[in-house]
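What TrEMBL says about this protein:
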type: TRANSMEM; residues: 214-233; note: transmembrane segment
type: TRANSMEM; residues: 253-273; note: transmembrane segment
type: TRANSMEM; residues: 302-323; note: transmembrane segment
type: TRANSMEM; residues: 355-378; note: transmembrane segment
type: TRANSMEM; residues: 390-412; note: transmembrane segment
type: TRANSMEM; residues: 424-455; note: transmembrane segment
type: TRANSMEM; residues: 509-527; note: transmembrane segment
type: TRANSMEM; residues: 634-654; note: transmembrane segment
type: TRANSMEM; residues: 699-717; note: transmembrane segment
type: TRANSMEM; residues: 724-742; note: transmembrane segment
type: TRANSMEM; residues: 748-766; note: transmembrane segment
type: TRANSMEM; residues: 798-818; note: transmembrane segment
type: REGION; residues: 920-941; note: region 'Disordered'
type: COMPBIAS; residues: 928-941; note: compositional bias 'Polar residues'
């Protein structure tokens with residue numbers, strides 16, 4: 001037996017206990033339920049709330065189920081006709097909440113709540129005292145509905161999140177883990193016993209994707225860069241990842257250190273010297289071993305390690321963080337597709353995406369562990385003289401496995417954060433030492449020169465495929481290989497970045513994941529690559545360049561041998577390699593645990609240790625079998641489907657961000673660009689005319705009349721013409737008064753008050769929309785502050801009148817194209833709202849739709865009345881009037897006969913009305929009007 005509960009506490013404060021959906025009896029609070037909150041009793045009412053009221057969110061829209069917790073209590077801050085905004089800046093419609101009315105109604109149904117404090121007697125009814133002994137004093141989370149056994153000793157027994165049972169998510173996690181584990185074992189057996197066959201298959205897939213779909217890698221990666229920069233400057237930049245009150249879990253320095261360590265820390269150490277030198281000896285174009293080759297080598301090194309890989313990580317990391325923390329979905333790759341797939345992310349499609357993510361992560365990390373072990377043993381051989389053998393490499397993998405297994409059991413806050421901070425400090429120390437003892441001036445020149453080349457040639461490099469001539473093979477083996485490699489690594493790095501980025505805004509996120517790491521990698525490559533190229537060029541030592549190219553794992557230690565303090569640099573370099581090596585394995589194991597347990601943010605130690613042993617064992621076995629390169633090719637082959645996944649993820653993220661902005665905004669209208677342009681034209685045109693005639697002063701005075709346009713609103717032209725004409729006269733009058741009163745300061749002060757009060761009274765009593773007295777007072781103040789000469793009053797009055805008349809003309813130009821534009825617009829809105837009302841009949845949205853329909857009918861009646869001109873009754877106006885009357889009659893008929901019947905109207909009826917509304921066009925197509933009535937029918941109404 002389960003008790004019915006309502007709740008407030010955040011879910012992340014609690015542990016989760018899973019149960020099957022069949023064991024849970026669902027209950028949602030409804031009208032006339034009562035409970036205790038903040039030591040007071042409340043009764044739920046299904047009516048519109050007012051500012052300062054408490055509400056219970058009980059029916060959030062489907063696109064907001066993950067934005068608002070079911071049954072969450074919030075306080076109202078703003079209320080309008082369409083909805084509300086809470087004190088937490090959450091936007092809701094009126095049918096999404098219940099009002100919490102103070103005091104308990106005698107007819108109410110009490111439900112359990114965890115508040116066991118004494119009830120405020122001033123707010124409690126004497127008719128039926130509250131039995132405090134039955135209140136639930138346990139902490140319960142705020143997402144979904146919570147149920148607790150009466151005889152249970154557990155804090156939390158069961159819960160349902162967004163109507164998806166936690167048991168289903170657990171089962172998904174189990175199936176992902178089992179299937180991924182089986183696939184991994186199959187590939188291990190395939191790679192060990194049939195290495196050549198696996199190499200043939202993976203190379204066939206990889207080479208085919210590069211040869212035939214290389215353009216897709218290039219185009220997609222450039223798109224990711226552009227999309228990331230768009231997010232940086234877009235309206236979504238201020239959205240916080242998580243609740244508005246959330247703040248980052250890690251300080252900025254540690255956060256950046258963890259991003260860098262997971263993203264490419266070990267990679268830039270491995271390739272920092274080797275890649276520029278390799279490009280110098282074998283450039284994509286031009287002669288090798290030349291100054292041009294050196295510049296090209298640095299430019300492409302920046303390109304391969306700059307914006308593009310970090311943009312890939314930005315896209316997937318941001319998408320995962322947004323859907324985890326803002327939409328409260330599981331921490332899984334499939335969650336990023338919820339706006340497109342809906343609850344299908346919990347089915348086979350979502351499982352396939354997550355399994356592919358695990359597959360790519362395991363193989364990519366196993367490859368890195370193998371390559372990293374080779375570099376660590378190379379450093380040990382260079383520093384300590386330990387033989388660089390396969391046996392030593394296996395020992396390195398075993399020791400590293402023990403270390404990162406201990407680290408992952410200490411959690412993010414201690415293990416991974418401490419390792420990343422240490423690696424970052426040592427990296428900066430090495431760069432600083434090389435800047436001091438190395439070719440400092442050359443490094444600075446390389447940084448500035450290569451940055452310029454990188455920026456100027458970025459688009460050309462991003463789209464370079466070489467369809468004719470030589471160079472295509474170089475692009476395939478370097479640029480396309482890198483892009484495929486970064487995309488294959490994206491699931492692992494993206495999930496980790498998302499995990500450590502809660503509490504940051506999207507703008508902070510993009511700067512921290514895209515911009516700062518790019519600057520860091522460019523600085524690192526300038527220090528190491530620039531110094532290495534200087535060393536090779538000065539010595540004229542082509543043998544050294546060839547040695548570095550052939551022994552990549554030894555390249556950084558060979559480079560240190562040619563610098564002062566080489567022993568210290570080698571020790572620091574070895575420490576950095578070892579720490580980055582352990583950090584990558586640590587973070588990958590953490591991510592694999594998240595993926596395998598259905599997207600939990602804190603996977604169990606058991607699952608993390610299991611994956612740590614598996615990936616280390618995989619690296620060791622393939623080192624023994626000589627299949628490490630095959631495994632690398634297999635992991636990169638997964639980049640092709642992930643490229644498609646990332647592209648779709650961008651659009652899914654955009655859709656989710658759009659819904660987030662809409663959820664936080666109530667009744668926001670688009671910016672009136674046409675009105676803004678017209679207002680600017682009305683103010684500037686008189687000034688331009690005065691300038692053309694050689695008298696700027698007259699133009700500026702006439703420009704004061706341009707303020708007239710600011711009183712333009714979407715009202716019928718008949719009313720607009722009259723209103724603006726009187727505004728022009730008012731502007732002219734205050735100009736005269738300001739000029740005449742200028743010599744008398746006391747008169748200026750008195751008249752300014754009189755003008756302001758008079759304008760406010762006139763606009764208020766006549767209910768005229770507009771800025772009221774503001775611009776009348778402003779014009780008066782400006783004129784009275786000009787040259788004191790009362791004799792100029794007539795001239796200034798004429799100039800302001802002409803400027804105002806020009807504004808009047810600009811405001812009335814639309815009449816020549818569509819004289820009844822405002823009337824048509826409002827009648828069209830009537831029929832569109834009528835279609836919505838017809839669709840809502842028999843549903844829970846009927847009351848809200850009826851309210852909106854009544855509001856728009858009232859607005860249309862006022863608009864048509866304002867546009868009526870007795871001496872100019874056109875056929876079009878008569879038809880509009882009839883259309884409005886017919887809509888009113890249809891609405892009243894449906895309200896009287898169907899609203900309380902509980903049955904829905906035929907869907908075709910709403911579609912017909914909607915088609916009718918969309919066919920309104922008074923100048924081109926009279927079909928909509930003729931369908932309803934003929935002009936002579938107006939007299940019969």
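The backbone N, Cα and C atoms fix where each Cβ goes, and this holds for glycine too.
Outside the transmembrane segment (509-527) by six or more residues, the chain places 228-229, 231-232, 237, 241, 252, 255-256, 259-260, 263-264, 268, 272, 275-276, 298, 301-302, 305-307, 310-311, 313-314, 317-318, 321, 427, 431, 434-435, 438, 443, 446-447, 450-451, 454, 497, 501 with a CB less than 8 A from a CB of the stretch. Counting C-beta pairs under 8 angstroms (sequence separation of 6 or more), the transmembrane segment (798-818) reaches the transmembrane segment (724-742) with 3 or more such pairs. When Cβ-Cβ distances under 8 Å to the transmembrane segment (214-233) are tallied for each of 253-273, 302-323, 724-742, the top count falls to 302-323.
The list of residues near the transmembrane segment (724-742) in space but at least 6 beyond its ends in sequence, with Cβ under 8 angstroms from a Cβ of it, reads 701, 704-705, 707-708, 711-712, 748, 751, 755, 759, 775-776, 779-786, 788-790, 792-794, 796-797, 800-801, 804-805, 807-808, 811-812. In this chain, the transmembrane segment (253-273) touches the transmembrane segment (424-455); three or more CB pairs sit within less than 8 A of each other, excluding pairs fewer than 6 residues apart. Beyond the ends of the transmembrane segment (253-273), by six or more residues, the same chain brings 305, 309-310, 313, 368, 371-372, 375, 416-417, 419-421, 423-424, 427, 492-493, 496-497, 500-501, 504, 512-513, 516-517, 520-521, 524-525, 528-529, 532, 548, 552-553, 555-556, 558-559, 573, 576-577, 580-581, 583-584, 587 to within a C-beta distance below 8 angstroms of the stretch.
Note on the transmembrane segment (302-323): residues 66, 221-222, 224-225, 227-228, 231, 239, 241, 259, 263-264, 267-268, 271, 275, 329, 331, 333, 335-336, 338, 450-451, 453-454, 458, 461-462, 478-479, 482-483, 486-487, 490-491, 493-495, 497-498, 501-502, 506, 509-510, 513-514, 517-518, 521-522, 525, 646, 649-650, 652-653, 656-657, 660 of its chain, located 6 or more positions outside it, place their CB under 8 angstroms from a CB of the stretch.
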